[in-house]
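Record features, source TrEMBL:
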- B:9-36: domain '4Fe-4S ferredoxin-type' (DOMAIN)
- B:Cys18, B:Cys21, B:Cys24, B:Cys56: [4Fe-4S] cluster 1 binding site (BINDING)
- B:Cys28, B:Cys46, B:Cys49, B:Cys52: [4Fe-4S] cluster 2 binding site (BINDING)
- B:37-66: domain '4Fe-4S ferredoxin-type' (DOMAIN)
Amino acid sequence: MDRAFERIPSGCAISGIMNVSGKRISGEKIITSISLMHDRSNGLGGGFAAYGIYPEFADHYAFHLMYQSERGRTLTEEFLNKHFIIERGEPIPTRPHPEITDPPLLWRYFLKAPEERLYKNHEPMDERDYVVEKVMFINDNIPDSYVASSGKNMGAFKGVGYPEDIGRFFRLEEYEGYLWTAHGRFPTNTPGWWGGAHPFTLLDWSVVHNGEISSYGINKRYLEMFGYKCTLMTDTEVVAYAVDLLHRRHGLPLEIVAKVLAAPFWKDIEKMEEEDKRLYTTLRQVYGPSLLNGPFSIIVANNKVMMGLNDRIKLRPMVWGRRGDFYYMASEESAIYEIEPSLDEVHVAKGGEPVIVRLKEGEQNG
Amino acid sequence: MANLIPPRFKVVIDYEKCRKCKRCVINCGFGVYSFSDRVIPDHKKCVSCQRCVAYCPEEAITIIENPNVFRPNSYWTMEERINIMKQASSSGMLLTGMGNDRPYKNYFDHLLIDACQVTNPSIDPLREPMELTTYLGSKPDAVKVKVEDGQIKLDTKIAPQIKLDTPIIFSPMSYGSISLNAHKALARAAKECGILMNTGEGGLHKDLYPYKDRIIVQVASGRFGVNQEYLDHSAVVEIKIGQGAKPGIGGHLPGEKVNREVSETRMIPEGTDALSPAPHHDIYSIEDLAQLIYALKEATNYEKPVSVKIAAVHNVAAIASGIARAGADIIYIDGFRGGTGAAPTIIRDHIGIPIELAIAAVDDRLRAEGIRNSVSIVAAGGFRHSGDVAKAIALGADAVAIGTAALIAMGCHVCQMCHTGNCSWGIATQRPELTQRLDPDWAAGQLINLIKSWSLELKEILGALGLNAIESLRGSRERLRGIGLTDTELAILGVKHAGR
């Protein structure tokens, strides 16, 4: 992991599948979909987020860790032992793959936050804030250790390689989830490192991103003011933290979060009804620094939602479609037809207009 | 000895071309020319303001630097020696106008802006929307919304915000230091461009009342012209603590500039010196400032942002943090290149720090304390072109203020003689025969053109950066690189060296 590369621009392919009834499917389909867009990646990064894969540990935070050294593992496990109750810790199952070389040590832990520790400055502390703080600490302070994901009943599987090879390496066809997202990466100036692959996650948020965030510099500085540490050397990281800040901490609905990340133009705000005009003017005034400027299409997911979003002048492709309870999003239409030849509907996502797909009520965790 | 001081400039007249029209005699505000049979210049009075050159119909006049140089000495420059001679013959403090003209390191010229190539596309401002709209005012950390009847509605009332169509405003220049026509031009241009002009500390002439939505009124240590009516005719109220050209000292408008109109506007007797005390005599510390901020908010019903203007000095970051915590909505920071109508030369040239470093230090400090949202930063002090503006914004300023550049747009030739009140261009003077030279409509047009030009260029810079909103550049130091800077300078500016 060469920290001299502080920021790595990249092209990419993304794909997402969600069953809104919570029906779980194996990782086979998402691998097939993303592998169709092979040429959009260059073998320097691929990854997946999977939701609903750990039903037996649904109430535990599933931490996926990447270690560059045994020392990193020792130090991190010491840290986790001190701050969490570890229900189980084990290597993430992988199979040897000719295209995947030099992987880090890959471990997962199922954790609970001890109630007696949920205090900060003698004040009760939100459990999720506690978890975020620990994730930030590991990424920022413990050498050779990176948290790949930290949500409940979900996990991120990512690394250096083409996404289909990464998928096989992690044996994703053996998992079952109701929501899958995938990413194939085309970084342009890096030897590639495992922590820099997508998805980027925090708690159960995951983000896969096609594009480059030209406003990264200020997005990063803004998020740092709220305690986020941008350590993963990739612009996409800020999306995950921005969504966490705006949705979880500031309580903004996802529709509004999308309108902060890809804000309406002032000229369009001018034309709105008085009440909306006030709302959107205030949002831009207050959240200007978290506007994501530059070309992007992203799929943001958590345990209940999959959201596709394009930058406001649509500089990157994204298509979404539906067949029954299955919703699909991808950089290319063909990547959807590859796994679902007969769609009920298919649309091009509009610039700045989020496509939000929600799990039906009461069907969480499939 | 006064007579022994050599002239700084020589007026060269081509008598073969001269038609003896005496236009130069009439135009010179400094009394350089007399006429007997032919035009005779008194070189010692010439300040090279170029008015006569511009208005000579025969192009018969050339001003040159006095070729009769002192024996060259790179340490004891001609200027240093002349200054000593002046003081030895007068026992006075040397005065000057305009900003610091010494060749200190200029950080703007050691910063380079990024652009997109391949991995992200640049954006064409002629074909895509490009947003410069900027709001000044205190922002909360978060917006609250509520859902009513399936509609998402705003559930936060935020502090008053002032909209700027482009992140450039006019810096404070008082009526008194400049003419009423110049003030009118600034107000008209501010209105047309959707920006702000600033009264400076000399009060607000009633002729400018119609522009009240585009005016920042200053409350300075002399309290000139301050009453309820004054506060009511403004968009922003600004407490002036200091000025980049003369940090730590007060102001002095000589009695001869205080004519009837100036006297009415400043609310002082005609012909008396207008003396601004060095400190506000009701502000001896930060808690006193907080009281004045809230007194002004009370007086304006919490409907207007309150700005606090300070000079960039060594400890500017901590001072700015204090001002933010004292309740200011805007912090206006004036760097050491900032101009003045009159200042002691020794103060202007040796006190204060560059605005570039001040912006970076203040922005960093406010972020480190998590209070950057609570104030807007307006930076001033020597912005020469839109490149300087873009760099200042990338370093962390919300908007910039321009004074000298605005004066140049109105005809100023930067002769640095504002303090004499003889401005031949009719800007920094109250002499009626001179002030009538500045047509406020023409001058407003010049200012509007300048603001439009810079705004166009800012859009072009944003497009090259692949951005379409100014807030995505603000504080985005990742898009700047330093060139020829030390590690310490880079660390203060928060930028990497070019090539990294």
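Cβ atoms are placed via backbone N, Cα and C, with glycine included.
Worth saying up front: this structure is predicted, and the values here are computed from it rather than measured.
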Beyond the site residues B:Cys28, B:Cys46, B:Cys49, B:Cys52: chain residues whose C-beta lies within 8 Å of the centroid, for [4Fe-4S] cluster 2: B:Val11, B:Cys24, B:Asn27, B:Gly29, B:Phe30, B:Val32, B:Tyr33, B:Lys45, B:Val47, B:Ser48, B:Gln50, B:Arg51, B:Val53, B:Ile63, B:Ser424
Residues within 8 Å of the B:Cys18, B:Cys21, B:Cys24, B:Cys56 Cβ centre (excluding the [4Fe-4S] cluster 1 site residues themselves): B:Ile13, B:Arg19, B:Lys20, B:Lys22, B:Arg23, B:Val39, B:Cys52, B:Tyr55, B:Pro57, B:Glu58, B:Ala60, B:Ile61
Same-chain residues at least 6 apart in sequence whose Cβ lies under 8 Å from B:Cys46 ([4Fe-4S] cluster 2 binding site): B:Pro7, B:Arg8, B:Phe9, B:Lys10, B:Val11, B:Phe30, B:Val32, B:Ile63
Cβ contacts of B:Cys52 ([4Fe-4S] cluster 2 binding site) (under 8 Å, same chain, 6 or more positions away): B:Val11, B:Arg23, B:Cys24, B:Asn27, B:Cys28, B:Val32, B:Tyr33, B:Ile61, B:Ser424
Rounded distance in angstrom between the Cα atoms of B:Cys56 ([4Fe-4S] cluster 1 binding site) and B:Cys49 ([4Fe-4S] cluster 2 binding site): 13
Among B:Cys21, B:Cys24, B:Cys56 [binding-site residues], residue with fewest other Cβ within 10 Å: B:Cys21
Under 8 Å by Cβ from B:Cys49 ([4Fe-4S] cluster 2 binding site), same chain, sequence gap 6 or more: B:Gly29, B:Phe30, B:His413, B:Cys415, B:Met417, B:Cys423, B:Ser424, B:Trp425
Residue among the binding-site residues B:Cys18, B:Cys28 whose Cβ has the most other Cβ atoms within 10 Å: B:Cys28
Coarse DSSP state, helix versus strand versus coil, of B:Cys52 ([4Fe-4S] cluster 2 binding site): helix
Assigned element (helix, strand, coil) containing B:Cys18 ([4Fe-4S] cluster 1 binding site), judged by DSSP: coil
Helix, strand or coil at B:Cys46 ([4Fe-4S] cluster 2 binding site) [DSSP, three-state]: coil
PLDDT averaged over the residues of the domain '4Fe-4S ferredoxin-type' (B:37-66): 97
